[in-house]
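What TrEMBL annotates here:
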- E80: active site, proton acceptor (ACT_SITE)
- K179: active site, proton donor (ACT_SITE)
- C213: active site, nucleophile (ACT_SITE)
- 40-308: domain 'CN hydrolase' (DOMAIN)
- 1-22: signal peptide (SIGNAL)
Amino acid sequence: MVPPRPVVHAAVFALAALQALASDTFIAAVYEHAVILPRAAHKTVSPEDALALMNRNMDILEGAIREAAQQGARIIVTPEDGIYGWVFTREAIYPYLEDIPDPEVNWIPCTDPTRFAPAPVLERLSCMARNNSIYVVANIGDKKSCNSSDPNCPSDGRYQYNTNVVFDSEGKLVARYHKYNLFMSEEKQFNYPKEPEVVTFETPFGKFGVFTCFDILFWKPAVVLVSKLQVDTVLFPTAWMNVLPFLTAVEFHSAWAMGMRVNFLASNTHNTIMSMTGSGIYAPDGARAYYYNMKTEDGHLLIAELDSHPRLSPASPPAVSWSSYASGVEKCVPDEQDFSGLIFYDQFTFTELTKPEGNITVCQKDLHCHLSYKMAGKREDEVYVLGAFDGLHVVEGQYYLQICTLLKCGSTDLSTCGQPVETAQTKFDMFSLSGTFGTNYVFPEVLYSGVQLAPGEFEVLPDGRLESKNSTSKPLLTATLFGRCYEKDLKHPLRNSP
């Protein structure tokens, strides 16, 4: 059937209008928030007291949202636990939770607050978005009643979820995500959904996906969003506790964006006692803006411009065959100078860089790591090693890794190799790191002294080599290829039992 001509004209006009609204770039914001915590998270408070605390935090978030909008930001991400804090018991967190409906209900809480159960937090977040004409991403708690007809229903008759919500620039709820990969004993107050959710939404400035903190280390939902659903930008509220040398927030999140070839907006909570800091706006070609501060308890707003569709951008890095170069290098054999050391409880095989320049190899199981390097000057008071790990990580969760790393040891005592180190003195004229990875999911990063990133100072070649472009501008802490072998993981980790 041929539609009437006015309908055709209307459809063409609507398409043209959407194309006109579409943007090649957009300004994004993230806010690192020093959360005001309850006095005693293990004690149950009244709903009124819970709301009072949440409003104190939302007062601060509202100021950041207003400032971001005034600087042209189209979207802002706020942190996990940013409205009420963490380390609650299941009972104590209940007054802070709201019943969050499915976004399909087409709801603007700011203009219709009584449509569902009372939800003052959703209402206020919706109004922040609407009043400032900006997309707002926030992390709150969702509660869902259940009964004995559900064999998995908890004994208190409800599910409780760590939840991200997204409101568009009109204040409409457009996305809701329940965190699937809970962080072990730290999140006993929450349940996880029966199946991992994969949440996306479309905007005039790209396709977005959203997940939370520990989710980043697992196939679902993180890799599915990017590899299967082809989102342009990932939104990432987090409460990330930094662990040098690989799992510092700014380092790993920047590496993940480069490895997955996607924009990544990471908003961390700020609490130096818990080693929580590190937020950033990351693109496939490196960090556009980032913040790491372990000295003060201040919040911080980051704003930067990103490509709306990074895969289509001329700046997008080429695809990488991660094992291509290393597979052609002469295979290594165990050396009597190799030694073992622990990094975050994983047993690495190390070999020392004993000369100011050279080509060395170290192996563990199927992983052979190769390094060509030249130090600007070899110091007697600093030791660097090349390390390899190929195996199962088992501490806060079970997942398989392959890691090649050039890193500075804690001291000249080789037993300190792998311990957290924040400062160094040695610069490198060049380095080139590669490995025989058995996975396509490898995340590259370089970390300088003072926990500083090195955007624009290194590149990953199509054959899998992580190389410095010139001599390092600052002393080097680590250059790492962090491989994640999702293919070996258990399909349903037992750590997430409700």
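Each Cβ is built from the backbone N, Cα and C atoms, and glycine gets one as well.
Unlike curated records, TrEMBL annotations are generated automatically.
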Other CB atoms, at most 10 A from the CB of E80 (active site, proton acceptor): 27
Same chain, 6+ residues apart, C-beta under 8 Å of the C-beta of C213 (active site, nucleophile), given in sequence order: E80, K179, F183, F236, P237, T238, A239, W240
Count of other CB atoms lying within 10 Å of the CB belonging to K179 (active site, proton donor): 28
